[in-house]
Structure formats: structure tokens, C-alpha cells
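Trainee: Here's a structure for you.
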Amino acid sequence: MEFAELIKTPRADNVVLHRPFYLAVEGTLCLTGHHLIFSSRRQDNAEELWLLHSNIDSIEKRFVGSLGTIIIKCKDLRIIQLDIPGMEECLNIASSIEALSTLDSVTLMYPFFYRPMFEIVEDGWRSFLPDQEFELLSLVTDEWRLSCINKEFSVCPSYPPVVIVPKSIDDEALRKVAMFRHGSRFPVLSYYHKKNGMVMMRSSQPLTGTNGRRCKEDEKLINATLRPGKRGYIIDTRSLNVAQQARAKGGGFEQEAHYPQWRRIHKCIERFNILQESLIKLVEACNDQSHNMDRWLSKLEASNWLTHIKEILTAACLAAQCIDREGASVLVHGTEGTDSTLQVTSLAQIILDPRCRTICGFESLVVREWLQAGHPFQQRCAQSAYSNSKQKWEAPVFLLFLDCVWQILRQFPCSFEFNEQFLIMLFEHAYASQFGTFLGNNENERSKLKLPQKTMSLWSWVNRSEELSKFQNPLFEANSLVIWPSVAPQSLQLWEGVFLRWNRPSKFLDEAHEEMINIIKYNKELQAKVNALRRQLAEMETDDRMQENL
Amino acid sequence: VENVRLLDRLSSRKAALGTLYLTATHVIFVENVSETRKETWVLHSQISSIEKQATTATGCPLLIRCKNFQVIQLVIPQERDCHDIYISLIRLARPVKYEELYCFSFNPKLDKEEREQGWKLVDLNEEYNRMGIPNNYWHISDVNRDYGVCDSYPTEVYVPKSATAHIIVGSSKFRSRRRFPALSYYCKDNNASICRSSQPLSGFSARCLEDEQMLQAIRKANPGSDFIYVVDTRPKLNAMANRAAGKGYENEDNYSNIKFQFIGIENIHVMRNSLQKMLEVCELKSPSMSDFLWGLENSGWLKHIKAIMDAGIFIAKAVAEEGVSVLVHCSDGWDRTAQVCSVASLLLDPYYRTMKGFMVLIEKDWVSFGHKFNHRYGNLDGDPKEISPVIDQFIECVWQLMEQFPCAFEFNERFLIHIQHHIYSCQFGNFLCNSQKERRELKIQERTYSLWAHLWKNRADYLNPLYRSDHSQTQGTLRPQMAPCNFLYKFWSGMYNRFEKGLHPRQSVTDYLMAVKEETQQLEEELEVLGERLANLQKSQSNDNKVKSKQQDRSKQLGLSTSNNNLANTPQEYSNDLKSFPSRSPSQGDEEDSALILTQDNLKSSDPDLSANSDQESGVEDLSCRSPSGGGCLPSEDSGKDSDEAVFLAV
């Protein structure tokens, strides 16, 4: 298929662009296979707006006489309005955008066409390999092994080819355990807590069904992570009720009788359309133009977004606490183990492990706990807050995770190497990107699509010093301790950087940020100067002394 | 009383055992733990209510709520002791004479001259001079010199030159409590001004020639504009109801060239109830997100804050952009009018966003114009219906602006919190009484100290590190977003939950930047010294061992300062640092006759941020355990043994 077929009107002149807090600008609109490009040639202020079609969440058209207006709502939550003279042009453009923003073939997506203009220092596809992770682990413990059981994705389609499992469990046993877990997602290592050797594992629900099926190998596997005489905790991210209902469909939960050394805790984290609706309501509230304060607060409340944040953070704190404070190992799972499970395991690591609070460590966390762990990005991030199609599998699971990270960052502004912009950037790229990183639903699909060969990795772009400097937190001072966030409602806030980004003027906040950077920069410069002078003085003095001695 | 337990509000299992002392001025709780001896000091004047709850097996619980939003829960073993304490506190918290207030016994060991200097720090005549007055249009009037015209106004009032004594007196007779229109703020650049008064006694049809002339005079003092705005800050319904009582609002037909405008800010009773409701939300034990947001909305608090802000923005716009003078009033012109005038001044004039300017602003719009501090903040036992968080709301408006304009204010959040604290503490004389007249009669300036001098002395603590006097945000008028930006108004947990340190960010950007700036200053100094030395060395080319050793000292010092800096940024280590800090306090606490030490103690314990330090002793990790996270899912370190039970409470 040629994109040209979809583009009936590639170019329109005298188009007016409206954006909140900006003056309307007139310019030319061009459509290409992957971009909507608006350029104004006003001499004083030439500007261009490039919008990926895949970033477009929904499009509306309106007509007043022969003047057509299209309103474009993006996945990054921005809304722009284009006034296009000419009914036919407007209709053509609208239908082209609609077609181009809803291409169903992944291989037609922009990452397959994108050619980077920057020099690649390090191939991001090879930056975070499981072997490296395991090497780090084997420096501190020899109780775990790297299993290649899933090499051809034959055991578990949503797992990576290699996983870390207890040394004492052989591949044969793993195969049996896989049969006993939903989607074959058998328990694997998620995190090893160096401080006390406790671990966090993740999996999907056990397939106990109504008749209480059991699997000795499964019991053996998870017991293998316990120290003699110690107990562990199973954190089930569903309410007890939901978990019980799952039995009717063949799923279920670990029964006390078969897992006597484990205590099960149910923490209810919502899933799927409940989250998607929450996002839709929240964004609606943020875009509400009314002047009424009460309405804002009740709409914020009714969206339940912050409630979800609180639930997720609480579960993550609990997992972290079991590991760090109770000295117990933890197994986390929900139903599939691809959504709420990953929110909990990844946030717990941010709380526990200072490495995850660095830029590189956080990228590694996203790769391990989200991409390799098989979070179905393509399904979940297909549409954002303005979508009309209510598909069951769309859900802002990853955005909620990023929001939780932002909440912790806000409470510990000096403990993270990255800043808010870094998180916003990840949100944008998860929904629409020129890079292949977030394409596909799991490693299996990614390898079939040959993404590493055919597309560029987001990490190749981010991890260059030009880009990194934008994402560095000037306040960062390595904090090697566990950081415990507060989950009280008073401590949780709306993430304005994402949700109010396009509807509030940010000039004054940006200025403050700049001021902050300058203060720290000046301090560093002075430090360097003082050190240089000190050195110079010391040298001169030794010279003098030598001369004297002569 | 010994063996008293101080409960932690967020976790009932955590309580400190200690001894409770009642002194003439404070309630003091000292923990038994020998190495820390953590102290909690509460001024009697801060106590807003005391509640004796039903006796339980462990003792008799006593709940003390403070005006600075601290809530203290004590369990006293003996019912009789509890009752005695309760009775004493009720009496102590409700003084009937000004002389009983703390400021009359508080003595920071300053000599007479220093005290006088302190009171001179803020001089309103100087302030009006700064605005450019007297000038061709405005002058100072002595019509109220013996409080003869209006007893709640200051003796020195600024009025239009063309308003004769006859007009002023005539106008005052037509205004509630004789509060005639007087100048609050004057804008040099365009002659537009903000004047304030009380409501006119217009009833349904009454009019007053002198009052009309007075408004005319205000308009004429701004030759650039042919009308003035008259802003009634009340809701229209309230203003209309007042007409039945012979009061009301200006009739546009009777006054030439006025534009009349209602701005619906609710009255003190609505505000009092709103705060009450919001505080109930703050006090909830482990509320859900919905409980909290719903409660916050239901309290209406942020709606009221926004209404005050909107009024201030309207006036600032009229003055700065339209060049039109504004007369503001409400009913008596001492609550809403003070709020709105001061918000508008703050938006208009960068001077009021400096530390000194903010003090001046409060003196000008609140203290001198007879805001009834004593009644509103319940300093003396009085009518509970007179109490209302009027200036609290103004202070919050400032905070909301600071959030929107982070570089615009010279001072930081702590400055606001400490001012709020001292409005209730009665430790300084500034906010005593209901009017200048009463304060003069009591000879406040001779008998008490000024808060402003105290704050000024410690100004380094109150600086906003992002402030730069040449920054664009510190120039000219602030223009906050008006329209649909409801989300700009946020709950201020730093104020209303300020004693629940566990709820706040664990690392403070402000403190971090302040430390960096301090270090930068040291570096600058050292750079200079080093530069000099280098030059000398180059000149003489001779070896000077002294220089070298000195220089080493210097570098050692610097090294130390950097490491302190590091400490400041990691709360975990910060707390270790603090553990040694409070151990000094018991010995100081014993020597109560030493007033200087007493101030330090006050600083430490009654000043909110400093007392927080001792709260943080347990370090960040521990604090979080107290966060009300779903049925105590986060048991604390020291309770490792019984924490299983706690974890599964939630199951």
C-alpha cells in the first residue's frame, strides 16, 4: 500500500492553527505518510509543528459555511484546532488523517521508516541484555540461574527467551510449573535485595480452578526462594472476591494448605477499562472550561485517578516493606501478571534500589519489568484519553506507573538522577514514537517484527549526552537508602506536567526551573575555580620550597 | 504529671511516654527516652479547644487542638489529674485580660533601644512616601488625630487633597462605624489608587452629599480616568439584606461616574465553618482519596480562596491596566476589604513581595486599618462567633501565588507559616487588640516586642532561593491566570497538615537550594582570598609557610561545609545530625528564668518547622511507616515483632 493513496489533499494554504495560550497563526498544512506538518512563514516568528499521525487519538470536523475546522486530539493529551478554507480540502484532509492515524499494520508505522539524523554511539537494542543483569546478580549470590527454556518462546509466549529462576529448579520442572500458571507465566526473579538476600518474584495466577488443583513443582519453585524457617508473602493484586471468582474460569490463587510457608495478601488494583475510563474522566475534568471550583474537585474525585495511584503505590510499598523490613521474600501476581503485577514489582524496586533511581537504572527497569516482562504496550497504548473506540485491552497501565514514579520523585526531589521531563518523554514515546522500542506486545512479537534490525531504539537516542542533559535532575545527590513515600491523600497530587501540560501557562514554572539550574551551575563553576586556584597555589608553593631548598 | 502518653495521630500503636508540665505560658511534654528527651511545647494562646474523652483502661485521653493546626492527643493515667489539667488549660487558654498574654512576659533580652529599633522597622509614613505621597492629589489628614472621627482607624489617614475635613466627617457619618474612604494603595505611574471604607448607610434611598463628594474627590485625584470602580466584596444578596438595616451599597444614580461591582466573597461565619470542615478532613485517620477530595470540595475552602484571589485580580487589573481608581468595601471594611486590598497591592507592587514589603503590607492593610485581631483570632476569651480565619486566608492566597510564581517572592513558605503562627501566639505585640487606639492605650510598643524585628533578624531562614531582584517575575504587576484555571488552587498541606511531617515531601528543594547558595557564597569569599594570595605569591615569589597553613585551614573548613550540605539533603543523615541536637534542650528548658534561652526553645518547639526536626528523628524510613496507608500496611521498624498482625489487618 502506498501512503499517497490515502492522501487526497497533500497540502492546504491559509490554514489557521489554534492552540491554548498561543495566538492563532496562519500557515501551510502538509500531510505526509507519517506526519502532519504545519508551517507558518510569518517573518517575525516562523514556526513549524510536526505531529506524528500515530499521536492522533481522535479527530472532529465542523463546518461554518465553506470554512472547515478540524479539531485534533492527541495521545499526549494536547488539543489543536485547524481552520481550513474549502469544504473539500477540509474533508479530504480529515479523512486522510483519520486513515493515517489508524493504520492497522505495525510494519507501516513510522519507526520502520525513520532514519536517524544523529550519530549512534551505543545501540539501545543491546544496552540492556538479561545476561548483563544476571552477571550483576551472580556477583552477590549463586542461588539463581539463567534458564534458556523459553528460547523459541515455546514455553511462554509473553516471556523473554531467557529468565532467571532458582538454581535448584530444572527446566523440566519449569515446564510443569508453566502448565500450572495462566499464560504459562511461571514465577521468575524480579528483584534481588542485596541488603538481606530477600527476593521479589512475579508470575501470573495459578490455575487451581474450582477443584483446587495443585502443582508440586510450583510449590517447590517458590519455596526454593525461602530461607530455612522463614515465611514469604504472596501479594495478589486482586481483591479476594475477584480472585475467588477467577477460580470459576480456571484461575485462582495459592491455597494456604498447599503453600503453608506463604501468607497471601490481597491488594485491589483496578484493571483495563476501569483505568481507561478513569483516564478519560480525568482528562475531561482537566479540560473543563467552567469557572466553578467545586466542579473541578468533584470531577477530579469522580475520575478516581488519584485513588488508583494511591492503591498502586500502597501495594508497592507493602511489597517493598515485606522485603526490606520483614526480611521476607515476595511473590507478586494478579491474573495475567502483565499489568498490575508489573506496576507493583517495578515501583517496589524504585523504593528499594537506588540504582533504579538513576537514568540508566530506570531505563533498565523499564526494559526488564515492562518490555521483557511482556506488558502488551501495543494493545494498552493503542488509544489514549480521547478515543471513542472502547476496546477492552486499552488501559493507561504504564502511565499510571510513571505517575506513581512522579509522586515519589516529588516527595524525594533530590534522590532521582532524572527529572519530570524524562518521565513525560517516556509517556509520549509509549503512545507514539519514531523509535521501535514500545512497538509489539512482547519480546516474541518484537523478534518476529525484527525490530532491532529494522527500527531504532529509543535508548540509542536518549542515552547521548545532548539528550541526557535535558533529562538530568540538577538536585540529584545519590541516596543509597530505601525511600518510603507517603501514600496519604494529602501527599498525592495531580501530575500537572502531563495532565495540565497543555492547559496551563508554564512560563513561570519553567523560569523557576531554569533559575534552579543556574544556581547549581554557578555553584559548580565556583567549586571548579576554587579547586583550580588551590592546586595552582599548592604547586607554586612547592616550587618555592624546592627553590628554597636548592 | 508523669507517665503521660503522647499519641501519634497517624498510628495509634506509636506513643511516646513522658512527663507533662504546665507552666504559666506553655504546656510542655518531655519524652522519657533519655538520650533524646524530645520536647513538645505548646503556647496556651495557641490552644483552640480542649476535649476530654471517655476514660479507657489505659487512662484518660485529652485532645488539644491548636490554632496553628497542631493536634495533640495525650493519655493521662489518672482521671483526677486529667480533670485538673483540663480545668487549668481551659482557664489558661482563655485569658480575659491582655496582661495575661504571653507577650507581656516574653522577654528576648533586648535592651530598650533595641526594642524601639524593632518597632521602627516598619514605618507606614515612610511607606506612603515610597508610594509618592503626599503629592498634588493626596495628603495626610489629621482629622482623626484623637480617633475623633473613627476609633478603628489610625490617627494618620491619607485622603484626596480636595476632600476637606467637612467632607470627611460628613462621609464618615454615612458609613458603617464611621469608616470613611481612605487611601490604601497609590500607583505612582498612572495616579490610580485603591481606597477602602465600610458600607454606606444608604438603606433603600438615603444619600449623603458629602459621601458623594468624597467619591468625587477620589475620582478627581486620578485625572487620567473619568470614573471609579466601587467594589462591594460581598455577595449581592448579603448586601441587599443589609439595606433593610439601613446599610447597603452605593446607588450608581446618586454618585456621578462610578461603576459599581459586586464580588461574592462570603462572610466570616461561612469562612469559619468552611475551615472547620476542611480541618475535619485533615484530621481523618487514613482517609481514602475520595474521602479527602470530597471533603475538601465540600468544605468549599478553595472556592473561597479563589473568590478572594479573583477580587484581588480584578482590582489589580483595574488599577494597572485600565488606570482606574477603585474604592473597596464590604460591611465594616475590616475583613474582606483588608484581604482584597492586600492581595491587589501584592499583585501590583513588587515591593510587597519582598520580606520587608510584606511586613509593611500587613501593617498597612491589616494592623493600622483596624482589623480585629483580638476578636478574629480569639486572643482573649470572647464571642466564638467573632472568630474567623480572615488573615489565614490572605496568607494562603500569598502561598497560592508563590506556587504559581516561584521566583516572584523574596520570602519562602516558612515565612508565611511563622507569621500565621505568631498571629495566634501572642508572643509579640504586633497583633494585639482590635485597633490602633487600643494598642496605644495599652502602650504595646513600650511593653512588648515586635515580631517584624524578630523575623528580620532571622531573615536568612526565610529567603526564597529562587528570588532575584532583577528577575522578570519580580518586576511589575503579577498577572495570574483568571479564567478556567480552577486547578491552580491547591490544598496547602504545608499549613493545614503542617505537624504531620510524614505527609510532606521528604526532601525540600528550598532547603537544598538555600544550602547550595550558602556554599556558593563561601566559595565566592574563598575565591577572593585565594586570588589575593595567588597575586601576592606571584609578586613576592617567596615561600610563606603561614599562608600555606592558613590556606589548609580554609580548605578544611570548606570541606566541612560541603559535607554539611550533603547532610542537609539526605533526611536520613539529617536526622542523625538532629539526634544530638535536641539533647541540648533539656538543660535549657530547666532554666526558664533565662529568657534568651526561652526564645530559643520557642524557636525550636513552637516554631513549626524547627519542632518538626525532632519529629524526623526516626528518619525517613520510619516516618513513612506512619503514613496512613490502608489499614496500617506499613508497620514500623521498632514494631517488627507484632507487625504481622498489622500487615494482615488489611487482609
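Each position is counted from 1, following the chain as shown.
Just so you know, glycine gets a Cβ as well, placed from its N, Cα and C.
This is the feature table in TrEMBL:
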- B:Cys330: active site, phosphocysteine intermediate (ACT_SITE)
- B:Asn267, B:Ile268, B:Cys330, B:Ser331, B:Asp332, B:Gly333, B:Trp334, B:Asp335, B:Arg336: substrate binding site (BINDING)
- B:545-556: compositional bias 'Basic and acidic residues' (COMPBIAS)
- B:558-588: compositional bias 'Polar residues' (COMPBIAS)
- B:538-651: region 'Disordered' (REGION)
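Show me how these features fit into the structure around them.
Mentor: The Cβ of B:Cys330 (active site, phosphocysteine intermediate) has B:Ser198, B:Gln199, B:Asp232, B:Thr233, B:Arg234, B:Ile265, B:Arg336, B:Thr337 as same-chain neighbours under 8 Å, each 6 or more residues away in sequence.
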Trainee: Quick check on the binding-site residues: of B:Asn267, B:Asp332, whose CB has the lowest count of neighbouring CB atoms inside 10 Å?
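Mentor: Least crowded of the binding-site residues B:Asn267, B:Asp332, by Cβ count within 10 Å, is B:Asn267.
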Trainee: Measuring CB to CB from B:Trp334 (substrate binding site), give everything in the same chain under 8 Å that is also at least six residues away in sequence.
Mentor: B:Ser152, B:Arg179, B:Ser198, B:Phe369, B:Gly370, B:His371, B:Lys372
Trainee: Based on DSSP, name the secondary structure state of B:Arg336 (substrate binding site): helix, strand or coil.
Mentor: helix
Trainee: Would you count the other C-beta atoms found within 10 angstroms of the C-beta of B:Arg336 (substrate binding site) for me?
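Mentor: Here the count is 28.
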Trainee: For the recorded substrate site formed by B:Asn267, B:Ile268, B:Cys330, B:Ser331, B:Asp332, B:Gly333, B:Trp334, B:Asp335, B:Arg336, name the remaining residues of the chain with Cβ within 8 Å of the site's Cβ center, in chain order.
Mentor: B:Ser198, B:Thr233, B:Arg234, B:Thr337
